[in-house]
Amino acid sequence: MVAKNDKLLTILPYDKKEPLFVEAERQEKGAKMARYLYPLTAKDTIRVTDGAQLNSLGFRHQRFDIAWKLIQRYPQLAVSKDNDGDIPLVTLASNRLAFLSGSRLNLWEKMIYYGIWITPLPLINESDHSDKGSLIFSENNRVYEIKLMHKRVSQFLPLMCNTTKDTHVIELLKAALTRHVEYITHLSEIDESFLSSIKNEKGQSLFQIAAESRHFQVIHADLFPQGQDTYGQVRSDRMRDIVGRRDSYGNNMLHTVASVTPLSKIDHIRGAVLQMQNELRWFKEMESHAYPKDREYLNDDNMTPREVFTDNHKEMGKEAERSMKETSTSCTVVGALIVTIMFAAAFTVPGGNDEKTGLPKFITKKVFRAFIVSDAISLFSSTTSVIMFLGILTSRYSEDDFLKSLPTKMIIGLFTLFLSITNMMIVFSCALYIMLDGKLSVLIPNILLASVPVTSFIWMQFPLLVELFNSTFGRAYLLCFKKLYVLRS
């Protein structure tokens with residue numbers, strides 16, 4: 001039919017408002033048909049709304065080949081309204097999966113992701129209207145498709161962002177609220193002053209909106225851009241100016257970070273202790289980039305940033321204190337029991353002592369040595385655990401204690417408790433082995449049962465230990481490394 005009458009492609013169907021190639025792109029399984037029909041359509045017959053619709057649908061369905069060709073020829077389509085009243089640039093900003101910062105990859109997938117090489121899409125020849133190209137997602141590998149999508153988006157953004165800046169306000173605010181670091185970074189490279197001039201109805205800047213939403217990656221995209229200034233001084237001064245800017249209520253960025261609002265997405269953080277620590281860390285981080293006068297600046301409610309933080313985190317602090325005390329009390333009881341058992345086990349060795357020498361009868365056996373060493377490790381580690389948990393119970397529980405002091409004590413306490421439980425089970429297994437003279441029929445079931453307490457502890461408490469360690473040490477080192485890398489690059 002197309003061969004007989006190519007005008008069919010631009011004739012609107014009776015009950016539709018869009019040409020056939022746009023309607024094909026709208027369908028979930030219409031990608032192949034759209035790719036077939038689009039090159040056959042005369043480009044001068046495509047309406048602006050239809051071109052914008054193709055771009056929006058391409059971004060929504062992660063189909064970038066047709067959109068790539070259209071944006072190169074007509075960059076204005078990036079900010080033109082489509083048939084649904086949407087703007088392609090806004091549609092792209094609303095698609096979290098189109099950016100690396102919005103993708104959820106596990107450790108193995110991240111290793112594969114960074115090891116994949118993606119060939120950039122070639123620029124088209126303006127005189128070439130054939131638009132023949134291969135299908136985009138020909139690979140069945142999920143990570144490959146994700147990397148390919150991110151690579152295509154990174155090519156799109158510079159082209160789209162160069163069209164006009166006046167229309168970026170809405171999509172920039174959306175990007176700040178959906179945590180698209182790459183989106184902000186590209187716009188920052190084009191015009192840094194433009195980012196600073198964006199305000200919402202509350203008079204909040206883009207960075208205050210990101211801070212209120214706890215999307216600090218957006219702030220770091222501007223705080224630590226790729227490149228360097230002289231000793232970082234120019235960048236540091238500019239960041240201090242950004243932190244000191246005030247909204248319509250007299251709040252600077254420190255007041256914003258110190259506040260907890262419905263936009264403050266902290267529910268994904270496990271437990272009040274980690275939430276309090278995370279809130280404190282970012283408040284301290286922003287405070288380190290502020291002028292001294294801004295740290296003590298009074299907003300319209302006559303409150304300093306620190307007073308706002310204290311007022312907004314009272315209940316969180318009480319909940320964190322209650323949680324730590326309950327955990328510490330329970331673990332102290334367990335640790336004290338292990339201390340008692342291991343102390344007694346050291347003097348009541350299996351097999352008894354020799355009447356003449358007073359030495360244990362099985363002192364020459366290797367398994368007995370394992371028994372004594374494990375007993376000593378369990379005793380010392382459980383004692384350390386009890387001391388750490390007692391330190392938590394007698395703490396002042398001031399706000400700053402939740403940043404490093406209390407989490408560090410909890411990490412040491414949980415780790416040493418885990419170590420003591422594990423070695424206590426080893427002591428028990430060694431004692432059985434000595435008493436039963438290595439009879440496997442009885443020994444193996446008992447050893448398997450001895451592993452149940454260790455497995456239970458790992459299942460219930462080990463995730464908390466890992467999260468505490470990463471939150472207390474892992475992220476801090478990551479930020480320090482990031483700063484050092486940027487200043488040296």
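Every residue, even glycine, has its Cβ placed from backbone N, Cα and C.
Here the structure is a predicted model, which means the values were calculated and not measured.
Summarising the annotation, TrEMBL assigns domain 'PGG' to 323-434. Among the features that TrEMBL reports, transmembrane segment is placed at 332-349, 370-392, 412-436, 443-462.
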Long-range environment of the transmembrane segment (412-436) - Cβ separation under 8 angstroms, sequence gap at least 6: 328, 331, 334-335, 338, 341-342, 345, 350-351, 362, 365, 367-368, 370-371, 374-375, 377-379, 381-382, 384-385, 388-389, 392, 442-443, 446-447, 450-451, 453-454, 457-458, 461-462, 464-465, 468
DSSP residue counts for the domain 'PGG' (323-434), split into helix, strand and coil: 85 helix, 2 strand, 25 coil
Stretch-averaged pLDDT - the domain 'PGG' (323-434): 89
